[in-house]
Amino acid sequence: MSLEDSLRSLSLDYLNLLINGQAFSDVTFSVEGRLVHAHRCILAARSLFFRKFFCGGSDPSASSGLIDQTGIRVNPSGSPRSSNGVLVIPVNSVGYEVFLLLLQFLYSGQVSIVPQKHEARPNCGERGCWHTHCSSAVDLALDTLAAARYFGVEQLALLTQKQLASMVEKASIEDVMKVLLASRKQDMQQLWTTCSHLVAKSGLPPEVLAKHLPIEIVAKIEELRLKSSIARRSMMPHHHHHHHQHDLNAAADLEDQKIRRMRRALDSSDVELVKLMVMGEGLNLDEALALHYAVENCSREVVKALLELGAADVNYPAGPAGKTPLHIAAEMVSPDMVAVLLDHHADPNVRTVDNVTPLDILRTLTSDFLFKGAIPGLTHIEPNKLRLCLELVQSAALVLSREEGNANNNPPSSTTTTLPMYHHPMNDDHNSSSSSGNNHNIANLNLDSRLVYLNLGATVGSGQMSDDHGGRHGDPAMYHHSHHDY
C-alpha cells in the first residue's frame with residue numbers, strides 16, 4: 001500500500017467515526033435543533049478553538065456550554081443531556097450544514113464545499129441547477145469560510161478561499177460584490193484583488209455600486225479603474241498610435257462587458273435579454289461561446305431556448321481544442337443536454353483538433369467505467385445516464401450515416417425520405433408512444449455497443465463493481481466538470 005493509499009484509508013476511518021454518530025462519542029452538539037455526536041480528542045487535536053474550549057475546566061461539565069456568535073462559552077444550569085448521558089452543547093454561531101462540513105474536514109482533512117447538484121436550495125430558484133457558482137453555492141462557501149475562521153481551522157479557510165476565487169469568475173456581479181465585502185472584512189487580500197478587478201470591469205457606474213457597497217469601497221473601485229486606464233495609456237509606444245490603441249482597448253472592454261452581461265442573463269434564465277443583446281447590440285453568440293457556457297452551466301430549458309433563437313451555431317468549435325457543445329455535453333454525461341443538442345442538428349461525428357468525436361468520448365468513459373471501476377477525472381457517475389448518452393449519440397451517428405449512404409446511392413432526381421436525426425424517448429409526453437422508435441434504434445446498434453450496454457447494466461445491477469477500498473457501493477450523483485479546455 002502506497003503512502004497516499006494509507007492516508008486515504010486513515011481519512012476514511014476517521015470520517016466513519018463521525019458518520020456512525022454515537023459510536024464512542026463523548027461530546028454532543030445541538031445545532032438548529034439537531035444533535036451532532038463527536039469526539040473531543042479529535043476536535044481538540046485538529047482545532048485550537050476546541051482545544052481551549054474543552055480545557056476550560058477540570059470538571060467535565062465545565063467544558064459544556066453555549067458556543068454563541070461572540071465565541072463566549074456559557075454554562076447554563078440544567079444543560080440537557082443526550083441519550084448516552086453526554087452533556088449537549090448548543091451551537092448558535094453556525095448552521096447545521098456548515099457545522100457538518102467543518103466537522104467533516106476536521107475528521108478527514110477533505111471536504112466538498114459545494115451543494116448537492118440539482119438539490120432544491122432556498123436562494124436558488126433555477127430548477128436543475130448544478131450549484132457550481134450560483135448564489136446558493138457562493139453563500140455556502142462564504143458561510144463555511146466564516147466558520148473556518150471562527151473555529152480556527154486555517155486549512156479549511158484557505159481551501160474555501162480558493163473555491164471562492166474559482167466561483168467568482170463565473171458568478172453574477174451581485175455575488176462577486178458579496179465576496180468582495182467578505183474578503184475585505186476578513187482581510188483576504190488575494191480574494192479582494194480578484195473581486196475588485198471583476199467589479200471594476202463590470203462597467204457598473206458608481207451610483208449603482210453605491211447601492212450594494214460602502215462608499216469607501218466604491219471609491220477604491222473607481223481608483224482601480226483610473227489606474228487601469230492610465231496604465232493602458234502608458235503602454236502605448238508612440239503618440240500617433242494613441243487613439244487607435246485606445247479604441248481597441250475600449251472595444252475589447254465593451255465586448256468583455258457584453259459577455260459578462262450575457263452570462264448573467266443565462267444564469268438567471270433570461271434568454272429574452274440575450275435576444276435583445278443579439279438584435280440591438282450585435283452580440284455574436286458563437287464568439288461569446290454562449291452555447292458552450294449554457295450547456296456547461298445552465299438548464300436544458302435555457303439551452304433549448306438559446307438554440308431556438310437561431311443565432312448560434314450548434315456545431316461551433318471553441319478554443320484551441322475545437323470542442324463543440326456536444327463534446328461538452330458528452331464529457332458531462334448529461335442525457336438532457338445531449339438530447340436537446342441532437343434535436344437541433346448537432347453533428348455526432350464532428351471532431352476536435354485531436355480528432356476526437358463526442359462518440360469517442362462516451363465510448364472511452366464507458367470502457368474506463370467497465371474495466372477500471374471508476375472514471376479518471378470524475379468522482380461519481382450514473383451508469384444509466386452514461387448508457388443513455390451513448391445510445392443517443394450512437395443512434396444519431398447511425399441515422400446520419402444511413403442518410404449519407406442513401407444520398408450517395410440514389411440519383412439526384414430521385415425522391416428519398418429523410419429520416420429524423422434520431423429518436424429520443426425523453427422528449428415524448430408518453431413513453432408508450434415511443435416504444436416502437438426505441439426498439440428500432442436499439443435494433444440498429446452494432447453488436448459491440450450492445451455488449452457494452454449489457455455489461456454496464458449487468459455490472460451495476462449485480463453489485464460486482466468494486467474499487468480499491470473493498471467494493472463500496474452507493475447511488476452516486478453525476479459529477480460535473482466545472483472547467484473545460486475550450
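Cβ atoms are placed via backbone N, Cα and C, with glycine included.
From a predicted model like this one, the values you see are computed outputs, not experimental measurements.
The feature zinc finger, as given by Swiss-Prot for the ranges 76-90, 121-135, 256-270, sits at 121-135. Note on the repeat 'ANK 2' (287-316): residues 126-130, 132-133, 170, 258-259, 262-263, 266-267, 269, 271, 274-275, 278, 323-326, 328-329, 332, 334, 336-337, 339-341, 343-347, 350, 481, 484, 486 of its chain, located 6 or more positions outside it, place their CB under 8 angstroms from a CB of the stretch. In this structure, Cys124 (Zn(2+) binding site) is part of a beta strand by DSSP. A 10 Å cutoff on Cβ-Cβ distances gives Cys129 (Zn(2+) binding site) a total of 24 other Cβ atoms nearby, all chains included. Packing around Cys134 (Zn(2+) binding site) is summarised by its Cβ count: 25 other Cβ atoms lie within 10 angstroms of its Cβ, all protein chains included.
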